[in-house]
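*Asks:* Pasting a structure below so you can have a look.
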Amino acid sequence: MNAPLGGIWPWLPLLLTWLTPEVSSSWWYMRATGGSSRVMCDNVPGLVSRQRQLCHRHPDVMRAIGLGVAEWTAECQHQFRQHRWNCNTLDRDHSLFGRVLLRSSRESAFVYAVSSAGVVFAITRACSQGELKSCSCDPKKKGTAKDSKGNFDWGGCSDNIDYGIKFARAFVDAKERKGKDARALMNLHNNRAGRKAVKRFLKQECKCHGVSGSCTLRTCWLAMADFRKTGDYLWRKYNGAIQVVMNQDGTGFTVANKRFKKPTKNDLVYFENSPDYCIRDRDAGSLGTAGRVCNLTSRGMDSCEVMCCGRGYDTSHVTRMTKCECKFHWCCAVRCQDCLEALDVHTCKAPKSVDWAAPT
């Protein structure tokens, strides 16, 4: 019994490194890094050489990406607001989400997709606002074109989403492309699904010109929809995410359950089932649901029964200031009174184990 273990022991650290996936998107930490571009590029942990090259070469793009982190994390938290895992971030952790994303779960699939989408959105918006040296409005949208309503002229500033997608692919995917393992392929797939989701909601907007708005002439441009549309779409993909396994040659996926269809480029994929997130678990990165607010009248994921994992809940009586007796005044204002409202707040009980609140 001891001989095989003795032979394996020197290689154990390497084996553990290979078996344990790494939370590779260290660029997520860019939201917390200030200072000059050189300071930022050299102090974000975990960036690969290609990412550092792009960081030094395009500091204005990096600033846009860093500002965008707050936007897509807020979107993630909005989508998961009624779930046991609520996309909570850890300020002192360079992976931003802690160990929870080490598992190749549905939640990891969503976070990689929405973060990749957030980079596309942030860069494309910065291009249109004239904040970047390397891009501007879409140069291809010039001259005359035709749609179902007739001819129109390209004008205004069409969002240059192709540039946003190209840069996001080069920067976000750089670290995954260095890996050959299953998790890297999963991340690449979900990153691409996120980028495609933003382009899906690119819409044509037009302005009419002519006597009394007769629309004898139209000027049109392409504009991204609000990021909430992308978030809602990816949330639907999260709920329909497809569990996969690596194929035999290690180059792609097959569905884990043969009854399900093969995933498309728009679908999210994952390998491992999620933990229940009921209790604090250091290894799983779960903070648990003790102290979370629950909805006593709901039958959904935010219900006290589901959110509290059957542990029960505490009720506290609180008062809050709200707007009331609002009236419309001509013209054009709405005036309200400040009123105190009494309500009950229900929060999940802690597990009976004495160590549930130990810091992670």
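The backbone N, Cα and C atoms fix where each Cβ goes, and this holds for glycine too.
Quick paste of what Swiss-Prot says about this protein:
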type: SIGNAL; residues: 1-25; note: signal peptide
type: DISULFID; residues: CYS76-CYS87; note: disulfide bond
type: DISULFID; residues: CYS127-CYS135; note: disulfide bond
type: DISULFID; residues: CYS137-CYS157; note: disulfide bond
type: DISULFID; residues: CYS206-CYS220; note: disulfide bond
type: DISULFID; residues: CYS208-CYS215; note: disulfide bond
type: LIPID; residues: SER212; note: O-palmitoleoyl serine
type: DISULFID; residues: CYS278-CYS309; note: disulfide bond
type: DISULFID; residues: CYS294-CYS304; note: disulfide bond
type: CARBOHYD; residues: ASN295; note: N-linked glycosylation site
type: DISULFID; residues: CYS308-CYS348; note: disulfide bond
type: DISULFID; residues: CYS324-CYS339; note: disulfide bond
type: DISULFID; residues: CYS326-CYS336; note: disulfide bond
type: DISULFID; residues: CYS331-CYS332; note: disulfide bond
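Help me see these features in their spatial surroundings.
*Replies:* In the three-state DSSP assignment, the secondary structure recorded for CYS87 (disulfide bond) is coil.
Non-local neighbourhood of CYS135 (disulfide bond): ILE123, CYS127, ASN160, TYR163, each in the same chain, at least six residues away, with C-beta under 8 Å from its C-beta.
CYS137 (disulfide bond) carries neither a helix nor a strand DSSP state and counts as coil.
Within 10 Å of the C-beta of CYS220 (disulfide bond) there are 19 other C-beta atoms, taking all protein chains into account. A strand conformation is recorded for CYS220 (disulfide bond) in the three-state DSSP classification.
Annotation for CYS208 (disulfide bond): spatial neighbours SER214, CYS215, LEU217, ARG218, criterion Cβ-Cβ under 8 Å with sequence separation of six or more. Annotation note: CYS208 (disulfide bond) sits in a strand segment as assigned by DSSP.
Other C-beta atoms found within 10 angstroms of the C-beta of SER212 (O-palmitoleoyl serine) number 6, with every protein chain shown included.
When secondary structure is read from DSSP and collapsed to three states, CYS278 (disulfide bond) falls in the coil class.
CYS304 (disulfide bond) carries a helical DSSP state (H, G or I). There are 22 other Cβ atoms within 10 Å of the Cβ belonging to CYS304 (disulfide bond).
Within the same chain, residues at least six positions away from ASN295 (N-linked glycosylation site) with a Cβ under 8 Å of its Cβ are GLN82, ASP302, SER303, CYS304, MET307, HIS346.
When Cβ atoms from all protein chains are considered, those within 10 Å of CYS348 (disulfide bond) total 22, not counting its own.
Under the DSSP three-state reduction, CYS339 (disulfide bond) is assigned to strand. Note on CYS339 (disulfide bond): other Cβ atoms within 10 Å of its Cβ, all shown chains, come to 11.
Classification of CYS326 (disulfide bond) by DSSP places it within a strand.
DSSP assigns CYS332 (disulfide bond) to coil, not to a helix or a strand. If you draw a 10 Å sphere around the CB of CYS332 (disulfide bond), it holds 6 other CB atoms from the protein chains shown.
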*Asks:* Between CYS137, CYS157, CYS215, CYS294, CYS336, which of the disulfide-bonded residues has its C-beta surrounded by the fewest other C-beta atoms within 10 Å?
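*Replies:* Each of the disulfide-bonded residues CYS137, CYS157, CYS215, CYS294, CYS336 was scored; lowest Cβ tally within 10 Å is CYS336.
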*Asks:* Quick check for the class: what is the C-alpha distance, in angstrom and rounded, between CYS294 (disulfide bond) and CYS348 (disulfide bond)?
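*Replies:* Just about 7 Å between their Cα atoms.
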*Asks:* Taking CYS309 (disulfide bond) as the reference, which of CYS87, CYS206, CYS331, CYS336, CYS339, CYS348 (the disulfide-bonded residues) have a CA within 10 A of its CA?
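*Replies:* Checking each Cα against CYS309 (disulfide bond), the hits are CYS348.
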*Asks:* Listed disulfide-bonded residues are CYS76, CYS206, CYS220, CYS278, CYS336; which of them have CA atoms within 10 A of the CA of CYS157 (disulfide bond)?
*Replies:* CYS220
*Asks:* Taking every protein chain shown into account, which of the disulfide-bonded residues CYS76, CYS308 has the largest tally of Cβ atoms within 10 Å of its Cβ?
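*Replies:* The largest 10 Å Cβ neighbour count belongs to CYS76.
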